[in-house]
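Undergrad: Below, the features straight out of TrEMBL:
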BINDING   241, 242, 243, 244, 245, 246, 247, 248  ATP binding site
DOMAIN    220-684  domain 'UvrD-like helicase ATP-binding'
């Protein structure tokens with residue numbers, strides 16, 4: 001205890017009274033001469049003022065707003081008092097801090113001991129999961145997260161506790177590191193799981209046991225890419241395989257590995273294919289290589305089995321569904337006058353769909369029409385023929401003209417304007433439509449490509465032109481009515497046009513049904529029946545109802561056409577379902593997918609045993625098939641999906657496939673590991689490079705590199721020009737003779753595929769007798785490949801690229817490459833109404849045709865020969881002549897490489913026959929109306 005008080009001298013001479021200060025902590029006590037005691041905070045004494053005098057000093061202390069003056073101390077002693085108070089206060093604070101830390105330490109230890117069992121439990125669960133020494137799937141992680149949810153929730157608290165631990169204890173530092181590892185495992189994005197799986201795949205591939213398996217499971221040892229694709233076993237796996245890269249071998253090895261690794265039993269594996277032949281090939285190959293029965297079947301056979309299992313009876317399948325739709329349509333047309341009227345109206349007005357996309361210029365739109373129309377009389381201009389017979393410039397004008405024809409409204413198309421327009425600087429003016437009024441005057445009608453907001457896809461110049469035309473009519477007092485593209489697309493155009501015409505006194509004389517049917521007979525009912533049948537099938541597969549179509553029609557780019565079509569589709573669909581499931585007591589192929597999926601989804605089908613589902617040619621999957629797969633996966637939470645395909649070879653959209661499902665695989669199926677097979681064992685590097693560059697022009701294709709085992713690059717895609725089909729056979733025979741010489745030098749048989757875009761092209765140009773003759777002529781040197789006709793159990797010539805999918809040959813010929821509607825690329829477009837059941841329509845021009853051309857190129861091992869029409873050359877082949885394709889392309893005809901057109905800068909100058917002999921003309925003659933020409937002599941001077 002430290003005591004301060006003034007001495008005798010201090011009291012006498014220092015002005016001090018008799019007082020005593022006892023310093024303590026946290027309080028001190030002052031006892032005055034009167035005996036009164038005051039309790040002071042020692043901290044206030046520490047802060048006191050020392051007022052020095054000559055020999056003495058006074059310590060002034062603030063206490064509760066009053067000043068206590070401690071006088072009579074020497075100056076040194078006064079300073080010691082303040083210092084002593086400060087020391088006391090410091091000791092007090094230190095003691096309090098020690099106590100606080102001790103309590104905190106105790107609290108933290110208690111918290112640590114409370115949390116530790118939870119963290120140990122989590123640690124043990126993770127060790128157990130990793131201790132299985134297998135690929136850790138998303139399912140494994142989800143199970144861990146569910147079972148250890150309460151423990152995982154405490155992990156951040158435990159981590160924070162360790163991070164603020166006051167001691168550098170080695171055991172606690174080890175705990176910190178382990179907790180950080182646990183966090184990387186259980187917290188998104190689960191980095192440690194990814195690291196574990198990468199390490200596991202490396203260990204597994206180098207393990208001697210599996211190394212032997214990868215060498216023996218197929219005829220050739222699997223590549224490192226194939227091995228990794230086999231070992232990676234995520235919940236959802238997508239293998240993107242280049243053409244000829246060994247995807248089938250990978251699929252076989254995947255099944256074998258899964259069974260040997262214990263991931264699934266043979267009865268728990270299902271391989272799905274898109275046709276019976278493919279399913280049989282997979283089944284046979286699995287049985288041969290793995291020596292065990294594995295279920296491999298088509299989607300339809302699986303669906304049928306599910307339906308029979310649920311219904312407990314054998315399902316009767318109606319195979320003539322298109323004929324059934326045709327019969328229903330015929331009955332409705334006969335017995336339902338409203339349906340007949342709707343049918344004729346659609347055929348007359350909305351038969352031609354018109355383009356989905358907008359065009360940036362009138363010239364681009366005219367080129368589009370020119371490629372699909374016919375030449376206008378005595379003109380170089382092209383148009384679309386109306387029911388009245390004259391060609392018009394646009395699809396919307398075509399619908400208007402046909403509507404006028406149906407309603408018996410007399411009109412003239414692009415008749416010269418009655419007033420002189422040259423004074424305005426115009427060369428001529430021909431309004432779109434003109435009508436004779438009862439009083440002899442003429443009513444004009446302009447159809448403007450204007451949006452609802454008054455703008456035009458053709459830009460401000462077009463808008464100004466429409467304003468100028470209105471001004472002209474106003475100045476000349478000629479009556480003008482207007483319609484717009486906006487009205488056409490929203491369906492209001494014909495009600496508006498009817499009101500306008502009637503208000504001006506134009507007469508209507510509706511044509512009879514008999515007259516219309518006669519006029520429309522070239523527009524085959526079967527084409528419309530086929531469209532209806534397709535949409536019914538796609539809708540049933542995907543589980544759509546009528547409401548889906550109502551919504552889809554409202555979002556369609558041409559709402560009026562879509563809604564007019566629904567007036568045909570929905571009545572037919574209702575009667576179709578009634579007859580199919582009623583009087584016929586049957587199901588159709590769409591039910592095999594859609595009804596089966598519904599049974600699995602609603603729990604009617606409970607016995608799905610499949611833990612591993614493999615889908616071959618995944619690029620061909622449809623929404624309905626994807627729905628069935630997802631339903632089966634949902635029935636087995638521990639199931640794995642392995643999709644194998646190549647989006648570059650997606651060529652079956654006509655059958656309902658939706659490529660966006662593969663492109664957005666993870667969106668549809670969940671956490672996905674995507675792998676690539678980039679080494680092709682088929683085509684040379686040159687063919688692979690050309691084909692890859694060509695198909696990648698479409699930016700929506702999945703990007704991948706293709707490496708070929710055969711490094712040959714120069715001159716592997718050869719172009720042979722022919723003038724007309726009469727000489728095509730001789731061109732083919734010349735190439736066959738060249739290859740036969742090569743085969744003889746190699747002393748082995750060389751295989752050849754001869755392909756066309758359409759069957760009729762091949763069968764018209766190349767007869768089966770030609771194939772047989774060539775095979776006999778070059779027996780022992782060449783084999784021109786044929787395919788097995790499954791129905792007739794005979795062989796027949798391979799005729800189309802579609803049928804060549806999955807095949808290969810040393811040399812491939814693709815003939816009749818020309819610019820025509822039925823050519824390569826085909827100008828025949830799917831009707832946009834199919835978009836009512838397809839959520840994702842491709843917008844890239846010729847997207848599927850481009851992939852089909854890729855398939856044609858990649859059938860070849862050594863060389864592709866493209867037989868190009870010189871009069872109407874295919875735009876695909878012309879594209880290959882671009883410098884970017886390099887030395888892989890060789891143009892054979894007289895060693896002449898086509899030259900660019902100097903006029904349009906887009907086409908090439910190619911040889912054409914003419915009335916005065918052959919000449920060179922631009923390939924863009926039709927699409928751009930480019931009339932650039934040169935003589936043979938002029939061409940010969942260009943090198």
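Numbering starts at 1 and runs along the chain as displayed.
Every residue gets a Cβ built from N, Cα and C, even glycine.
Give me the structural setting of these features: burial, nearby parts and distances.
TA: Sequence-distant neighbours of residue 244 (ATP binding site) (same chain, six or more apart, CB under 8 Å from its CB) are 680, 681, 682, 683, 808, 858, listed in sequence order.
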Undergrad: Tell me the Cβ contacts of residue 248 (ATP binding site) under 8 Å, same chain only and six or more apart in sequence, or just say none.
TA: 282, 285, 616
Undergrad: Taking the domain 'UvrD-like helicase ATP-binding' (220-684) alone, what is its mean pLDDT?
TA: 92
Undergrad: Using DSSP reduced to three states, classify residue 241 (ATP binding site) as helix, strand or coil.
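TA: Assignment for residue 241 (ATP binding site) reads strand.
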Undergrad: An 8 Å radius from the center of the 241, 242, 243, 244, 245, 246, 247, 248 Cβ atoms defines the neighbourhood of the ATP site; name the other residues of that chain inside it, in order.
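TA: In sequence order, the nearby non-listed residues are 646, 677, 680, 681, 682.
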Undergrad: According to DSSP, which kind of secondary structure is residue 246 (ATP binding site) found in, if we only use helix, strand and coil?
TA: coil
